[in-house]
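Database features (Swiss-Prot):
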type	residues	note
BINDING	76, 77, 78, 118, 251	substrate binding site
BINDING	100, 101, 102, 109, 244, 245, 300	ATP binding site
């Protein structure tokens, strides 16, 4: 397509028709399983504290708010969906727009479509099985394989990520010619993420989707810490053909612990010169009121459709990428 014809969609019309069919198939998948489709706000007065996520910010200046209200476009519908769960809605899913002020490229667009769903009374493994069912149905792929985070590092880097110190992690990075980055990095989790991205991801999910589970407890985010091994979190990610597709948790339900994690995130943000973010008190109040034991997962629809169609880029499956918006 001509670079000058920016009024035209980035994706072909046949691809958009196939995308619509996949969206309908996903809705049938959940309807058949009795999971309620919901809609939640795209904007909130609070946002994520995660140091790796960068939300878009806007300002409401309507009647009665002459001073204005800061609002953030949602990076995920997670917080609002958990409030619905605490209110007793039962299992829910959502197909929605999410926004992240970060990368743009083959696998990234600042505005993207997210599939997120939550299953009360599911543990992490049961939800992983359901994700696998969905992937097999949409992608017509083989059943997934599963590796713990520890097993993945031991297999591909010959190092134990749960016990290795920073010197050992830097030595592993040197074998990947990453010393220029690793030698000046003091944060252990950043070193682990560097090794995972460069030393593990290229080797997994080539022939079938691969679940990586039991991430280090320091990377728990909104997941519970394992009661069987306090070094790891009940968190998983899914990779297929070089693409990260999904990120799931056995959800943390303790409001006090969640608040402590948010505050710790903001301390890390301050140490890195990043703005501290407003904590979502409504979410904490919902957790305090009683979030049911549940597991949840977020899956990138644009990436899923890209894989299903054998496309080379998100631009091939999105009507208008940000450069044509």
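Here the Cβ of each residue, glycine as well, is placed from N, Cα and C on the backbone.
Features as recorded by Swiss-Prot, highlighted on the structure.
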residue : record                 : Cβ neighbours (10 Å)
76      : substrate binding site : 19
77      : substrate binding site : 26
78      : substrate binding site : 24
100     : ATP binding site       : 20
101     : ATP binding site       : 13
109     : ATP binding site       : 24
118     : substrate binding site : 28
245     : ATP binding site       : 23
251     : substrate binding site : 27
300     : ATP binding site       : 23
Binding-site residues compared (102, 244) - highest count of Cβ atoms within 10 Å: 244
Of the binding-site residues listed as 100, 102, 109, 245, the one whose CA lies nearest the CA of residue 118 (substrate binding site): 245
Residue 245 (ATP binding site) to residue 78 (substrate binding site) - Cα separation in whole Å: 16
Residue 101 (ATP binding site) versus binding-site residues 76, 77, 78, 251 - nearest by Cα: 76
Any further residue of that chain within 8 Å (Cβ to the Cβ centroid of 76, 77, 78, 118, 251) of the recorded substrate site: 79, 80, 81, 82, 116, 222, 296, 298
Cα proximity to residue 251 (substrate binding site), best match among binding-site residues 100, 102, 109: 100
Rounded Cα separation (Å) that holds between residue 100 (ATP binding site) and residue 76 (substrate binding site): 9
Nearest recorded site to residue 78 (substrate binding site) by CA-CA distance, among binding-site residues 102, 109, 244, 300: 300
Candidate nearest residue 77 (substrate binding site) in space, where candidates are the binding-site residues 102, 109, 244, 300 and distance is Cα-Cα: 300
